[in-house]
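Record features, source TrEMBL:
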ACT_SITE  D473  active site, 4-aspartylphosphate intermediate
BINDING   D473, K474, T475, E578, F619, K642, T700, G701, D702, R833, K839, N862, D863  ATP binding site
COMPBIAS  795-806  compositional bias 'Polar residues'
DOMAIN    111-164  domain 'P-type ATPase N-terminal'
DOMAIN    193-259  domain 'P-type ATPase A'
DOMAIN    885-1139  domain 'P-type ATPase C-terminal'
REGION    790-812  region 'Disordered'
Amino acid sequence: MSNIRILRQKKSKKSKKKIRIVRLWQLCLNSVVETAFHRNLPYMKKTSFYFDFRVSDISICYSSLTFQKVHEKVCIISQPTSFKLTEEPGSFWMRTCKNEDSMFYCSYICFQGNAIKTYKYNVLTFLPLNLYEQFKRAANLYFLCLLILQIIPQISTLPWYTTLVPLVLVLGITAIKDLVDDLARHRMDKEINNRRCDVLLNGRFEETRWMNLQVGDVVRIKKNDFIPADILLLSSSNPNSLCYVETAELDGETNLKFKMGLKVTDERLQEEDQLARYNALILCEEPNNRLDKFMGTMIWDSQSYALDLDNMLLRGCKIRNTDVCHGLVIFAGNDTKIMRNGGKTRFKRTRIDILMNYMVYTIFALLVLLCAGLAIGHTYWYESIGSKAWYLYDGLGYSSSTRGFLSFWGYIIILNTMVPISLYVSVEVIRLGQSKFINWDLQMYYADKDTPAKARTTTLNEQLGQIEYIFSDKTGTLTQNIMAFKKCTITGLTYGETNHHHFIHFTFSLIFTQPVDFSWNKYADKKFQFEDHFLVSCIRSKKDPQIHEFFKLLSLCHTVMVEHKGDELVYQAASPDEGALVTAACNFGYVFLSRTQDTITILEMDHEETYEMLALLDFNSDRKRMSIILRFPDGKIRLYCKGADTVIYQRLDANSKNIETTQEALDLIGATAIEDKLQDGVPETIAKLAKANIKIWVLTGDKKETAENIGYSCQLLTDNMKIHYGEDVNVQLRNRQTQRRNDPQGRNKKLKEQFFTESGNNALVITGGWLNEILYEKKKKRRRLRLKKLRKRFTNSTNPPDSNQPVDDWEKEKRQEDFVDMACECSAVICCRVTPKQKANVVSLVKRYKKAVTLSIGDGANDVNMIKTADIGVGISGQEGMQAVMSSDYAFAQFRYLQRLLLVHGRWSYIRMCKFLRYFFYKNFAFTLVHFWFSFFNGFSSQTAYEDWFITLYNVCYSSLPVLLVGLLDQDVNDKLSLRFPKLYLPGQQGSLFNYKNFFISLFHGIFTSLMIFFIPYGAFLQTMGQDGEAPSDYQSFAVVAASSLIITVNLQISLNTSYWTFVNFFAVIGSIAIYFGVMFDIHSAGIHVILPTTFTFTGAASNALRQPYLWLTIILTVGICLLPVICIQFLYQTIWPSVGDKVRSLKNERKKKKPAFQRGGRSRRSAYAFSHSSGYADLIASGRSIRQRPRVRANGKWERRVF
């Protein structure tokens, strides 16, 4: 028996498409046949691959397109989903070729192998590919161009290693990080590709690796095995080929789901010999990333069978509660749905990132202007002075303009450190450290589920300190999403209330307030609590058929899976509310026992019934309901439906008594009430975030009453708020639209009037239907046609247009902007009955019109769009799986942790990053602009003010560690004060700590420092005589003094900016200064000069200069003058204009100073007598007089006391 061989053609952009022969199929045919699709397949027009024929027998059924084959088993054809086999036979056309060749032509695509490759590099491609990716960054490319310029002798003013060493260091750190990540991907790919599974080869199952699987292979998968590819389920060891799978790696959900094989394959493909003889044609859709959809057709023995997602086992899932299952590989490797979903997500960037890039562009523009000015200065200087000085003649013969041009590039090289090469690497290191701090925070660890907080990205930490709007889901985010069945109403009667009207007698009231005893039901859940005994008595009496129908519906209309563990039933539900309903029905005696592909079996009180399932329509966010069609044992067919009240009410029958005949509408049986409690700490968290000026919007799919009640429970809504609903909002927006139309300048000016007179006490509660009405969210094509008609009607008529409809897209956008303005005036906004798409649209509207930083938080798959749309997405690992977590940027287990994420980690990250950037720009300006001042005294000749190796190591060794630690560890106040005073969060929202104002302050601060570092040593060196009678006013000594002053100044400056001191910070500052002096003395020594005389030219300069006390005084004076203004300004700001942080720190210090006069439990206790402010009674005691008080006597009209 030969193996299954699959053929496909690779796509090509050329007009004549290349044909790739994958394998040859041995077919039985007597003529050469060419087939091709002729509709909806633009890339399959005249393409072919070849078949060898040897046997003179072929049977082609034109209507069903069945290939009769003798030696082969399965042929799989992939086609677009728009093609349907059930259409007219003209969908395919065939003809016999005149050339009796031994090849068969057909047009298909080449199949993928099952090996996966997620890594980016190998041994040969790592270096070139990684360098290519790194040099796509503008900063790295800029420094590469500088390095090339430094190689040119005519313009080189610095040795090449001054740029090469920092550049190699930056590229090396990034390359090592990429290499570590890619090695992890290599290990993961190797582990997955070498997993084992059983495949049918030569009529028997043999073990093979996943990487060797091919499309068309029949595989056998055992219990607890991962599924190696996207597989069509053929049969399983369970009845009716039922197979349970866990999709945690696919969509994050841990609830078991069931898959079913076709009935025909279940009956005929159980044994190895049956599977070996299996031959069929599979027509299916192209590989795609739709996890919720699959369309295909199996043609077997001239019969067609429809295939859908319930028949497919997707790669990444795990087999559960099923001993063995057999399947056919449909998609393999990168064609599988899980691999197709591994595409790149939208790259999110912070505001600081964008601002930092603009500032780098600004620095580059300043650099070009400075270099151009210095080049012009050199041209003028050489024309007037340099060309006339005989001692400056170099013999090159360049004109003054040529020398100015060369000087421009020379200064580009010298002043290149204005554009910081190590900035981006340092920022990434800081962000990585801050992400680790979030992961390690034990106060965000949820012990009940062993779930720590997780920063799933390292690029958005400082954005957490700038959030202005939070968009939150309700169920599972604000609530626990642990549903409990509390009440129900059946035919107008409500059950579940303890004060039921049926129990009037007082003697029974005490009995009936106790929970119902379900001990009569062996399947009852012991955790289930219900207090209405009357409902149980009605059920057990079997007198009310409507109650019987109600609980029968709950036990039949669902997609719950059941697992038998002895006498205990374990239900696996897709959602908590569905599990709660089935559990409730089970407790009341309607026990769901099992299900097969076509049947559902339940226990109705004391007898077991099996119902034939004819159709099942699952719940989704569009339908908002679930339906099932059943054939009862008596032959009657009935449809059961449950769902949201809004969709059920629309489908009710006006004559609900007519239940014996065929109906076009539904009969209402009853309704349920399920309780979902708030999570711990939700009201407190919302209150603190509100004090931090963060506005919270709740976007939920629940009905208005439920959402409004939750709003009051979590204190988002209060009693003194005025609530505005969709009708009120629509009226106000129409009035604003009419006002704008009546104003001749309405299109040119923005109306600034507020919608509400009392700001701060308004709340907005709006449904998804009103949201569509207000924002005109209709189908795009219909909306364009409507707007076109309205525009024509408006231009051809003198009457004003209908105020309810927009005239054009501009009015639609203004309507949306008005809605956002109105909502932002409210203290709370609740949008209910909204779809996942509407959630994302609301977030995008606020981002577009408010330019605000937004955060979305949710726990379910319906929140994924909202999470991805917001600037920052937070996922809660709750009861609805892990899809929200996998799509999020940050994840944790409880909503209350959001306040710590924002008010502590977010605020700290923002402050740290702002301090780092301000200081980083300052120290580079202070370092680089010394060359600028020096150029006025060297004829603008591109001469450096420092020694070459100092320029090389300045940003690498001498000044990098202290500022890096500030970016990682600094904090203005501790975490407790950050949570206690939410107002500390306001500077981040305002962006006041890092903006262009702060940038130019850093620039002018750097200019001032560079002026002092250059001109104070310059003045000290003008007329100087050392102790040994020699003048130390040479260039090398000046460079040593200027460099020493700079290093001490910038390291002490970061000390002044440090708010939180640790031993590491202290060691970094002192260590950086020590490293500078140690390295300087080494590279200025005679020993290293002997080894490399042309590279190390400052021989003895450090030791000669720094042995002069005069120069040490110069360094101290320079450092003092640089730091004194900073100290004074900081003192004035903290005294006269203190920030919120300054006030909190001063309050903390005052509390530390106030200590109680007496403390119990202390080791040493002093007498209060020792601290008495007046003399005691020692003299009186020694005198022997009594200190007993005499009675009071009246003397001269006054009362006196006498001591005797």
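Quick reminder: no glycine exception, Cβ is built from N, Cα and C everywhere.
TrEMBL entries are annotated by machine, without manual review.
Shown here: features listed in TrEMBL, placed on the structure.
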| residue | record | contacts (Cβ under 8 Å, 6+ apart) |
| --- | --- | --- |
| D473 | active site, 4-aspartylphosphate intermediate | V698, L699, T700, K839, I857, G858, D859, G860, N862, D863, M866 |
| T475 | ATP binding site | N481, D676, T700, G701, D702, D859, G860 |
| F619 | ATP binding site | T559, S575, E578, R625, M626, G643 |
*How does the domain 'P-type ATPase N-terminal' (111-164) divide up by DSSP, counting helix, then strand, then coil residues?*
27 helix, 0 strand, 27 coil
*Enter the number of other CB atoms within 10 angstroms of the CB of D863 (ATP binding site).*
32
*When a 10 Å sphere is centred on the Cβ of T700 (ATP binding site), how many other Cβ atoms does it contain?*
27
*asked:* Going by DSSP assignments with H, G and I as helix and E and B as strand, what are the residue counts for the domain 'P-type ATPase A' (193-259)?
replied: 11 helix, 34 strand, 22 coil
_For each of D702, K839, count the other CB atoms within 10 A of its CB; which of these binding-site residues has the top count?_
K839
*Listed ATP-binding residues D473, K474, T475, E578, F619, K642, T700, G701, D702, R833, K839, N862, D863 - what's their greatest C-alpha to C-alpha distance in Å?*
24
*So what's the mean pLDDT when you look at the domain 'P-type ATPase N-terminal' (111-164)?*
83
